Structures are given as C-alpha cells and as structure tokens.
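Participant: The structure under discussion is supplied below as structure tokens; questions concerning it will follow.
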C-alpha cells in the first residue's frame, strides 16, 4: 500500500511531461511568405505563416503555437467561451422558451456565438490549402452576416422608441436582412476576386454594404440618444 501512491504520482508526473510534446506542432511551426501561395499573404507580414497541406491535427495543434493568426484565433475564441458561460448562467434564470420578451436576446446571443465560432475556425484552419482558405473565410463572412442581423434585431426590439418605430417598421427588418446578405456576398466576392485586402474595389465590396447596414441597424439607438431629455 505504501508504494501505490508514489507509483501513481510518478505516472501522473510522466503524463504531465508528455503534455508539451502533444501540444507541439507536428511539423515545422512557421514559414515565410515566399513559401506559401500568394492568397495567404497579408500586407506587411513576411513571416509566421503555417505550411500548407498538413494534417488537420497539425492545424488544431497550432492553437497553442505562435503564428500570424494566433491573436485572431484567441481573441475570438476567448470571447466565444465567455459568451457561452454567460449564456449558461442566463439559462438558469431566464425561460427563453416561454418569455417572448427574452427571445430576441436569445437570437442575439446565438448570432454572436455563431460569428465568434466561425471566425475562430476560419483563422485556425484556413491555412490548410487554397480551397479551405476560401471555404473557411466564406463561412466567417456568413457568421458576420448572422451577427449583423442579430444586432439589428436586438436594436429593433430593445432600443427603439415608438416614434421611430412608426417611421421604419415597414422596411427596417427586410432592409437589415438584405444588407446582411449583401455584406456577406460582397465580402465573399472581394475575397475570391481580389486577393489583396488593400485593393480599393475589394474594400468597397466589403465595406460599403456593411457601412450602410451599420447606419440602418444602429438608427434606433442613435434616435433614442438624440431625443432623450437632458439629465
């Protein structure tokens, strides 16, 4: 009996020693921009790219490595985990199924988690090949459009005042859906047609629909603030 505990502790110590090896990249960690296809290039970033055509396990393992997408991955992943935790806490206090007033909040939360999850996967896994680069970033743009619509819905149900509601109720939500679709389609087209994000026409395709959507979606909040009586 006296030797059982030391044996178990020694096994645990050996297993803990294997963790860094399991998390280590399964091939050379990063390469320069000259060693990856042009579609992966980012302006002013010349190193830190992950090699293409590796196994999926390799790209998942780079979650714990330093590379040019590491900050993008972790900022989205941490935010998604925080939202999931907050959502779990809300579910204990709010009946989203029966409380109609809470259902727009549910849509906002789901849209936010969807956007953050898609972005995390896109930045983590897009380096596998050109096909998967486009596929994952198209998925990312879908997530952004879903989040854009969810934000519009939240502003419409929780921030709008009756006077502004009377003016925009006939077109606000249909226009929000259309602009979310245009934002997604424009971003996908710009990504496929113009490899460099600095290309002017590509930026217009991506940012013009999003800017119009922002003006529309935030209008209930702006109206509420601008018409609020002074404190």
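Quick reminder: no glycine exception, Cβ is built from N, Cα and C everywhere.
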Participant: When TrEMBL marks a stretch as transmembrane segment, which of 54-69, 70-85, 86-101, 198-213 is it?
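Facilitator: My reading of TrEMBL: the transmembrane segment range is 70-85.
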Participant: Of the ranges 131-150, 151-170, which one does TrEMBL flag as transmembrane segment?
Facilitator: 131-150
Participant: Would you kindly list the residues that approach the transmembrane segment (131-150) from elsewhere in its chain, counting only those six or more residues past its ends and only Cβ-Cβ distances under 8 Å?
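Facilitator: The answer is 39-40, 107-108, 110-112, 114-119, 121-123, 125, 176-177, 179-181, 183-184, 187-188, 191-192, 210, 213, 217.
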Participant: According to DSSP, which kind of secondary structure is residue 123 (Zn(2+) binding site) found in, if we only use helix, strand and coil?
Facilitator: helix
